[in-house]
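Q: Can you keep this structure in mind? I'll have questions shortly.
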There are 2 protein chains.
Amino acid sequence: MSAKPEHFLDRITELDDRTRYEFSSSGKVYVQGSRTDIQVPMREIRQSDTLTEKGNESNPAIRVYDTSGLYSDPSAHVDLRTGLPAIRAPWIDERDDTELLTGVSSEFGRQRQNDVQTAHLRFEHLHKPRRAKAGANVTQLHYARQGIITPEMEFIAIRENMSIAQMQQQQLTGKGDVTDLGFQHPGQSFGAAIPKEITPEFVRDEVARGRAIIPMNINHPEIEPMIIGRNFLTKVNANIGNSAVTSSIEEEVEKLAWSARWGADTVMDLSTGKNIHETREWIIRNSMLPIGTVPIYQALEKVGGVAEDLTWEIFRDTLIEQAEQGVDYFTIHAGVLLRYVPMTAKRVTGIVSRGGSIMAKWCLSHHKESFLYTHFEDICEIMKAYDVSFSLGDGLRPGSIADANDEAQFAELETLGELTKIAWKHDVQCMIEGPGHVPMHMIKENMDKQLEVCAEAPFYTLGPLTTDIAPGYDHITSGIGAAMIGWFGCAMLCYVTPKEHLGLPDKQDVKEGLMAYKIAAHAADLAKGHPGAQLRDNALSKARFEFRWEDQFNLGLDPDTARAYHDETLPKESGKVAHFCSMCGPKFCSMKISQEVRDFAAAQEAADGVGIVDVDAGMEQMAEEYNKTGRQLYHKV
Amino acid sequence: MSAKPEHFLDRITELDDRTRYEFSSSGKVYVQGSRTDIQVPMREIRQSDTLTEKGNESNPAIRVYDTSGLYSDPSAHVDLRTGLPAIRAPWIDERDDTELLTGVSSEFGRQRQNDVQTAHLRFEHLHKPRRAKAGANVTQLHYARQGIITPEMEFIAIRENMSIAQMQQQQLTGKGDVTDLGFQHPGQSFGAAIPKEITPEFVRDEVARGRAIIPMNINHPEIEPMIIGRNFLTKVNANIGNSAVTSSIEEEVEKLAWSARWGADTVMDLSTGKNIHETREWIIRNSMLPIGTVPIYQALEKVGGVAEDLTWEIFRDTLIEQAEQGVDYFTIHAGVLLRYVPMTAKRVTGIVSRGGSIMAKWCLSHHKESFLYTHFEDICEIMKAYDVSFSLGDGLRPGSIADANDEAQFAELETLGELTKIAWKHDVQCMIEGPGHVPMHMIKENMDKQLEVCAEAPFYTLGPLTTDIAPGYDHITSGIGAAMIGWFGCAMLCYVTPKEHLGLPDKQDVKEGLMAYKIAAHAADLAKGHPGAQLRDNALSKARFEFRWEDQFNLGLDPDTARAYHDETLPKESGKVAHFCSMCGPKFCSMKISQEVRDFAAAQEAADGVGIVDVDAGMEQMAEEYNKTGRQLYHKV
């Protein structure tokens with residue numbers, strides 16, 4: 001949206017060119033499942049050949065998990081005003097356990113539909129809302145417990161299994177030595193149960209146990225299904241949303257697509273500013289990612305910002321309003337109990353969760369437990385009619401190193417464990433939010449305690465930030481903690497951007513935050529020993545070693561930045577085929593020299609059968625040979 | 001150097017304004033030791049008052065470890081052409097075990113002094129070189145083993161002990177609850193022996209054991225002494241240096257001062273381009289930080305880049321040349337043995353260390369052990385005559401996740417352990433370099449093995465990078481590994497910049513790399529439970545909670561960036577006294593609300609003696625009181 005037409009609907013037709021473009025040397029592939037309408041998107045990165053003296057050797061295309069949706073598919077027609085295609089619609093229809101309503105059920109939703117002042121901002125092609133038929137439970141957890149493998153589960157199995165499938169296709173064993181592109185170190189998974197191959201039945205089983213969730217509202221048929229659980233790839237969430245101070249609808253839709261491009265697995269719309277309802281509609285209709293919200297933010301806006309005036313009825317209406325728009329998971333701070341609030345009074349940073357502090361204020365003011373807690377089973381009834389998942393909020397998470405792992409935090413976690421079991425009793429999917437600010441040596445205690453008290457329900461943490469002293473760099477302070485807790489068993493990492501504590505993230509901040517968190521999540525997958533996780537590292541390192549610069553860029557998380565950095569010092573095209581890099585120049589290049597070491601050892605081995613480990617016998621001869629062959633530093637390109 | 005005069009010496013008079021300026025709300029303080037010429041620099045950050053309804057409460061000034069030298073002292077006169085003051089000169093003189101030479105001892109050094117073509121680049125005020133008197137050993141290790149506490153050791157004790165001293169001054173116990181600014185979580189130090197207070201005797205003892213080194217050449221009297229060891233604050237090294245492709249002397253001097261400003265504890269000059277000798281002189285004369293080099297780079301240049309032509313004589317001359325300029329530690333890849341080279345042939349990325357690959361090539365070509373290994377005791381003789389410390393290079397470190405912790409890497413580490421003991425036999429200080437690319441779950445094995453085979457000699461690691469897939473972001477992939485290995489016992493972290501693998505870092509890259517590594521080092525100190533380490537976190541978090549924005553910025557690692565980010569969304573001066581921030585706006589601010597929770601609980605406790613933990617008795621009354629007092633959301637500023 002570089003041009004800025006006067007009318008909103010003209011402005012929001014298309015995404016910024018900087019958001020919507022194909023990844024270089026990449027193609028979108030769709031892997032078909034057991035039926036033609038299961039089309040699982042992946043990104044395939046083409047590689048160039050390795051140049052050897054014997055001729056060119058081809059390198060396999062590498063498939064990577066792809067969250068970018070149609071926005072990176074040049075063949076797709078995308079019009080933000082009509083929204084994305086409803087790929088799940090047939091699957092939902094077939095189950096025949098839902099019904100289309102004639103209109104929205106929430107009072108507030110009706111008001112907004114009739115509001116004249118915001119008419120010009122309204123998404124034009126509103127869906128009719130869908131709800132479970134009376135008495136039906138339409139959650140993926142409910143189906144899983146009945147032994148049903150849904151198309152969504154099969155979609156997820158194919159998606160999660162991507163790198164194993166391609167290793168099989170390329171006949172990589174994953175067991176050989178490091179010359180096998182599939183080589184991988186055994187991981188340390190701290191009791192996770194990660195199988196060698198993800199099957200649809202495994203997906204069903206994990207969901208049935210509550211150890212994974214598939215956040216996917218029946219009113220969000222545009223979703224490309226994904227799963228959150230410790231035995232799957234570690235996921236990343238990006239927060240977007242406007243505030244009273246800044247941002248517009250088109251900026252938020254832009255940030256959504258931008259987040260997806262850079263690897264967000266889910267997005268939370270944390271808007272607290274103007275036109276929350278309309279902003280959310282635009283976001284959901286244009287999102288193939290699950291969308292999470294914190295409904296209490298909007299509820300508070302409805303009572304003019306006075307926390308004490310919040311009621312169950314207003315909150316309930318908000319849940320239904322948002323569920324019928326298609327929100328996939330709700331953060332609900334039901335664990336903030338009255339007796340826990342005073343535990344925070346002597347903290348360095350009190351209560352730093354917005355939702356937590358709103359509820360604490362309500363509890364203090366009314367001197368009773370919050371309606372989130374007392375109406376928890378009523379909330380479950382709503383959730384299961386739309387398949388909205390719980391993200392049980394950690395309202396008392398620590399906001400500073402000093403407050404980490406304190407009584408208030410762990411007391412709330414215990415309550416979240418109890419609530420998890422109530423949600424499960426209703427077959428409602430549930431994950432648990434976690435901290436916050438925690439020094440490295442206290443992170444594992446968080447994960448272990450969560451696994452224990454929440455019976456392995458997925459953990460979803462913000463960071464944690466491992467120090468307080470770097471405002472402006474909290475994507476890094478927290479990326480460290482995120483990588484560690486992901487390794488220990490956390491299922492999804494909520495990103496932190498460089499603007500944390502300072503301001504609202506813009507597009508560049510969103511990308512910086514996502515890069516730090518994609519790194520953390522992948523580092524966690526490697527450390528857990530997630531099958532096939534090392535394939536991309538191996539391919540990129542091989543490309544790097546062979547000076548296939550473009551392949552190195554393209555296999556990286558952010559080809560644009562890698563290429564730009566390279567070009568700053570060696571801008572010419574010739575730099576990209578150079579058998580050296582700008583750090584060392586041609587003389588000193590260590591990779592070059594060690595390639596020679598290898599070539600020589602291999603040539604020697606081939607020539608006379610002296611194995612490279614048979615040092616004593618072969619070395620003198622090798623030295624002579626090496627000197628005789630001209631001691632060349634350079635290979636011909 | 002924003003203006004670019006034609007003549008080099010006119011260009012290099014002063015640093016860029018962006019490098020040389022005072023930190024905001026900070027003052028330079030010098031703490032005097034047992035003699036007037038021991039003046040230990042610290043940065044003191046002033047804080048504003050906390051505004052309460054009872055009146056203003058003052059907040060203490062916080063002292064932080066300061067590596068920025070005179071470059072951040074507005075009262076200091078700095079002329080790059082004369083270099084920094086030689087603060088150590090009297091201490092070296094007094095020991096009366098060194099002599100001033102009439103000229104440089106190295107052949108190459110003499111050549112360069114007489115070279116007409118580089119005369120215009122030469123540092124004008126060359127020191128006469130100093131060397132140990134015949135038979136003398138002038139290393140800090142030698143003194144330490146004789147029970148001598150040098151002024152350098154006392155300087156270090158004061159410097160390292162800074163936060164404990166200020167806690168005592170402010171009567172903070174460090175034991176109380178979180179309302180005490182000195183509160184700190186007990187750490188987990190994996191067998192480190194960190195005392196409550198660093199004394200000069202402790203410094204001496206750690207050096208004597210070889211568990212810490214003080215890199216400090218007698219020809220580098222400009223140094224502000226610092227120490228590297230697992231029982232001290234975790235240190236950070238920044239690499240600078242030109243290459244054949246790019247960079248100039250003035251840029252490198254600028255990068256040196258810039259590195260110091262952003263917290264580098266030591267700097268390595270890795271120049272491989274033009275005028276290495278002259279560049280190094282300019283750097284050392286203007287550096288209060290220890291300078292490390294990799295002498296084999298220069299030696300290779302002297303033989304026209306042909307590794308096979310390197311000889312002991314050329315290398316020896318290079319060591320003396322650099323030792324007489326004042327280099328404080330030498331990276332020497334003496335552990336690359338002939339029999340280890342073939343172990344790298346089947347690696348994904350072979351040998352990625354420049355020094356390692358040069359030596360491997362030499363070994364292959366000559367079919368014998370390198371002169372670094374065979375002449376190791378000769379090297380020790382040179383080192384002890386100038387007090388140059390070893391940084392035993394890990395020439396076979398892994399360059400990819402696949403190659404981590406392999407046979408070649410650990411075989412070399414064993415040899416480095418043997419060499420450490422030889423260095424110690426000569427009373428030569430010694431640290432050990434470490435990897436590289438290592439997934440998270442394999443990092444601890446590196447640290448544990450190093451501690452074991454090198455008898456706790458300080459470990460100095462590059463990262464490690466925890467994944468290969470993020471070129472452009474390797475300050476983050478490696479910052480994760482660096483924080484962890486620092487926690488496990490690593491003494492110094494060699495930074496990695498965003499340009500790693502792609503190009504030479506510019507000033508902004510240097511800063512980005514340093515920020516990531518200062519975070520990693522501090523996170524490690526917190527996790528180890530380093531005494532007083534949490535003080536700065538506590539002070540910053542308290543400032544954040546109290547909306548003292550300027551204090552939050554100033555206490556952070558990078559006040560400029562924090563302030564700029566804040567100003568992007570709330571640019572007006574009023575934003576900096578606002579009792580809310582741009583993320584949530586005034587209504588939703590969680591910190592605001594929880595401040596209210598606290599105020600209310602405290603008021604209640606004071607009024608009727610009902611303790612805040614006596615919930616049942618007091619809550620109803622609290623609720624009434626809260627409602628009666630107007631349920632105010634805002635405090636008057």
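Going from the start of the chain as shown, residues are counted 1 onward.
Each residue, glycine too, has its Cβ placed from N, Cα and C.
TrEMBL labels come from automatic prediction, so no person has curated them.
As listed in TrEMBL for this protein:
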| type | residues | note |
| --- | --- | --- |
| BINDING | B:ASN239, B:MET268, B:TYR297, B:HIS333, B:SER353, B:ARG354, B:GLY355, B:ASP394, B:GLY395, B:LEU396, B:ARG397, B:GLU433, B:TYR460 | substrate binding site |
| BINDING | B:HIS437, B:HIS501 | Zn(2+) binding site |
| BINDING | B:CYS581, B:CYS584, B:CYS589 | [4Fe-4S] cluster binding site |
| DOMAIN | B:23-99 | domain 'ThiC-associated' |
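I'd like to know what surrounds each of these features in this structure.
A: According to DSSP, B:SER353 (substrate binding site) is assigned to coil rather than to any helix or strand. The Cβ of B:SER353 (substrate binding site) has 28 neighbouring Cβ atoms from other residues within 10 Å, across all protein chains displayed.
Taking Cβ-Cβ distances under 8 Å and a sequence gap of 6 or more within the same chain, the neighbours of B:HIS501 (Zn(2+) binding site) are B:PRO471, B:ASP474.
When pLDDT values are averaged over the domain 'ThiC-associated' (B:23-99), the model yields 92.
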Q: My understanding is the cutoff is Cβ-Cβ under 8 Å with a sequence separation of 6 or more in the same chain; which residues meet that for B:TYR297 (substrate binding site)?
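A: Those within reach of B:TYR297 (substrate binding site), by Cβ under 8 Å and sequence separation of 6 or more, are B:LEU270, B:SER271, B:THR272, B:ILE276, B:ARG354, B:GLY355.
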Q: What three-state secondary structure does DSSP assign to B:TYR297 (substrate binding site)?
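A: It is helical.
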Q: Name, in the order they occur in the sequence, the residues of the same chain whose CB lies under 8 A from the CB of B:TYR460 (substrate binding site) and which sit 6 or more residues away.
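A: Spatial neighbours, sequence-distant, of B:TYR460 (substrate binding site): B:ILE228, B:ASN237, B:SER391, B:MET431, B:ILE432, B:GLU433, B:GLY434, B:CYS490, B:ALA491, B:MET492, B:LEU493, B:CYS494.
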Q: Measure from each Cβ of the binding-site residues B:ASN239, B:SER353, B:GLY395, B:ARG397, B:TYR460 to the Cβ atoms of chain A, and list in sequence order the residues where some distance is under 8 Å, or 'none'.
A: B:SER353
Q: Out of B:ASN239, B:GLY395, B:ARG397, give those binding-site residues positioned within 10 angstroms of B:HIS437 (Zn(2+) binding site), comparing C-alpha atoms, in sequence order.
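A: Taking B:ASN239, B:GLY395, B:ARG397 one by one, the ones whose Cα falls within 10 Å of B:HIS437 (Zn(2+) binding site) are B:ARG397.
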Q: Please give the maximum pairwise Cα distance, in Å and rounded to a whole number, for the substrate-binding set B:ASN239, B:MET268, B:TYR297, B:HIS333, B:SER353, B:ARG354, B:GLY355, B:ASP394, B:GLY395, B:LEU396, B:ARG397, B:GLU433, B:TYR460.
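A: 20 Å is the greatest Cα spacing among the residues binding substrate.
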Q: Have a look at the binding-site residues (B:GLY355, B:GLY395) and report the one with the fewest Cβ neighbours inside 10 Å.
A: B:GLY355
Q: Count, for each of the binding-site residues B:ASN239, B:HIS437, the other C-beta atoms lying within 10 angstroms of its own C-beta, and report the residue with the smallest count.
A: B:ASN239
Q: Can you check which residues sit near B:ARG397 (substrate binding site), meaning Cβ under 8 Å from its Cβ, same chain, 6 or more apart in sequence, and list them in order?
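A: Set apart from B:ARG397 (substrate binding site) by at least 6 residues yet with Cβ under 8 Å, we have B:VAL352, B:SER353, B:GLY356, B:GLN409, B:GLU433, B:GLY434, B:PRO435, B:GLY436, B:LEU462.
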Q: According to DSSP, which of helix, strand or coil covers B:HIS501 (Zn(2+) binding site)?
A: coil
Q: How many helix, strand and coil residues does the domain 'ThiC-associated' (B:23-99) contain under DSSP?
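A: Secondary-structure breakdown of the domain 'ThiC-associated' (B:23-99): 11 helix, 26 strand, 40 coil.
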Q: Does DSSP put B:GLY395 (substrate binding site) in a helix, in a strand, or in coil?
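A: Looking at the DSSP assignment, B:GLY395 (substrate binding site) belongs to neither helix nor strand, so coil.
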